[in-house]
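A quick write-up on the structure given underneath.
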Amino acid sequence: MTLDAVKLEWDEEILKKYNTSGPRYTSYPTALEFSEDYQLEDYLVCLNNISEDKSLSLYIHIPFCQNICYYCACNKVITKDRSKSDRYVEYLIKEIQLVAAQSKAKTLRQVHWGGGTPTYLTMQQISAVMAAIRENFELPDTKALVGPSAEVSIEVDPRALALEDIKTLAELGFNRMSFGVQDFDPKVQQAINRAQPFEMTREMVDEARNQGFKSINIDLIYGLPHQTTETFQPTLEKIIEISPDRISLFNYAHLPHRFKPQRRINRDDLPSPTEKLAILEYSINTLQQAGYLYIGMDHFAKPDDELAIAQQNACLHRNFQGYTTHEEYELIGVGVSSIGSLGGQYHQNVRDLDSYYMALDKDELPSWRGVGMSVDDKIRKTVIFELICHFEVFKQAIEESFDLEFDRYFENELKLLRPFINDGLLVINDESIKVTNKGRLLIRNICMMFDAYLNELQVLQSYSKVI
C-alpha cells in the first residue's frame, strides 16, 4: 500500500447522501446488545477457560475528572474531593487480585488506562495499581528493543499532570501516551469548558519524547461549538508542529437526550452540516499534505508508525480501544463500567461506584451485563472488522474460516450493497468486497449492511452521525 493509495477521494454530495447515524464498531455485537441476563457465572467461566498460553490485554477505567467537559459522553465522576480516589484505588486493586485468581493466563501484552481522567490519580496511586498488576500478572519489559515487550498506554489531560509526572510514568513502565486536546481556539474551549493553552500541551509532548515514550497520540474533535474551517486551521497547524505519531479526529456527536453535560452546549452555536463537512475536508487535506496517512475511522498516523505498517501488511486489528497492531488478545476490563472481551463473549462491569464497592465488599467481581457471541455474530464481526481495518474482505478467507459459501450466506447483504457500488464506493467481484478511496469515509455505513441487530429507531436515537 503506497502513500498515494490511501489518499481519500472527497465527494460532498455522496457524503451528504449517506450521512446517517451508526455504530463505531469497537465491538460486534455493539454494547447496545449487552444484556443483564448475562450472569457473573458466565464471566467466571470465561476467565477460568482462558488457556495459560493466551496473551492478555488489560483495560483500567478511572472515572474521575476534576472538571466537566461539556462535550463528553464518557462514564465519569466529577469531583474535586481527591479522597474519593483513595477508596477507588483500594477496590480497583482488589478487583485486579480477584480477576487474576480466576485466570490461568497471566501474560499481559497490552495495558491501557482510560477514563474519565487517569491522571486524576496521584503518581503514588498509579504506582500502587501498577505494582498490583505486576504482582498478579506477568508484564514483559516495556522498554525492550529486542524480544517480547508490552504496550502500556495512558490517556492524559495535560491540565491534570505536572511536567515531572511524565518521568514518573515512564519509570512505572508507561510507553505510550494519548493527549486530549480537542481544539486550541479560546472561544471553542470556553464553550466546552476546557481551557488548555497550546504551550502546556507542547511542553508535555516534548517531555514525553525526552522520556522515551514510543508513541504519542493527540485527540481532536470537529463539530464543536463556534468551530469553522478558519478557526480550526491554527489548531491543525499547531498539532502538525508538535508532530505526534498519531492523530484522532473525532466527530462530535450532539446527543443531549443521552448525555446531560451536552445540554450546556447551545445547539445554535454548533457548525451547520455543510460547515462541519468543510472542517472535515480541510482537516483531512491538511493532515495528508503534512504526511499523515488515513488509517480509517477518524484515525491518522505517520507512514512509519506501527498502525500504518500493520495496515500495509494486512495485520491491523480493532478492539474497544480502537485500532491495534496486535492480534485480538483476550481483553479483561477492570474498574467501574469497564468492558472486556473473553472467549467469544463481551462483559461489562457495573456503572456506578456504590454498586462497584458493594460487589467487591462481598469478594465478588462487579459484573453487570454482557452478551455471548453466536456463530453468526462471529462471522459478521470478522467481516465488519476486516472492512474497518483493511477496507477489503476476501470471500475465500471467510469461507475457509467458517465453512460457508460467502455469496449465499450474505445474499441479502450483497443486495443492500448495490447502491454503494452504483455510487462508486465499493467494488465487489468473485474474490472480495473492496472499499474505494471514495468510500473510505463511509466505512461505517458499509459495515451497517452486515449488522443483524440494527433497526431504524435504534440508529436514530443511539448513535452519532458517521460524518
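In case you wondered, yes, glycine gets a Cβ from its N, Cα and C as well.
Automatic prediction, not curation, is the source of TrEMBL annotations.
Annotation comment: TrEMBL describes TYR59, GLY115, GLU155, ILE339 as S-adenosyl-L-methionine 1 binding site. Listed in sequence order, the residues of the same chain lying 6 or more apart from GLU155 (S-adenosyl-L-methionine 1 binding site) and placing their CB within less than 8 Å of its CB are TRP113, GLY114, GLY115, THR117, PRO118, SER178, GLY180.
Annotated [4Fe-4S] cluster binding site per TrEMBL: CYS65, CYS69, CYS72, in sequence order. Its own atom aside, the Cβ of CYS72 ([4Fe-4S] cluster binding site) has 19 Cβ atoms within 10 angstroms in the protein chains shown.
Taken residue by residue with DSSP, THR117 (S-adenosyl-L-methionine 2 binding site) is part of neither helix nor strand, so it is coil. Residues or ranges marked as S-adenosyl-L-methionine 2 binding site by TrEMBL: TYR71, CYS72, ALA73, GLY116, THR117, GLN182, ARG194, ASP219, ALA253.
TrEMBL lists 50-293 with the feature domain 'Radical SAM core'. The domain 'Radical SAM core' (50-293) scores a mean pLDDT of 94 in the predicted structure.
Restricting the binding-site residues TYR59, CYS65, CYS69, CYS72, ILE339 to those with a CA within 10 Å of the CA of ARG194 (S-adenosyl-L-methionine 2 binding site) leaves CYS69, listed by sequence position. Of the listed binding-site residues, namely ALA253, ILE339, the sparsest Cβ surroundings within 10 Å are found at ALA253.
Among the binding-site residues listed (TYR59, ALA253, ILE339), ALA253 has its Cα nearest to the Cα of CYS72 ([4Fe-4S] cluster binding site). As a whole number, the greatest separation of Cα atoms within the S-adenosyl-L-methionine 2-binding residue list TYR71, CYS72, ALA73, GLY116, THR117, GLN182, ARG194, ASP219, ALA253 is 20 Å. Around the Cβ of TYR59 (S-adenosyl-L-methionine 1 binding site), the number of neighbouring Cβ atoms within 10 Å comes to 21.
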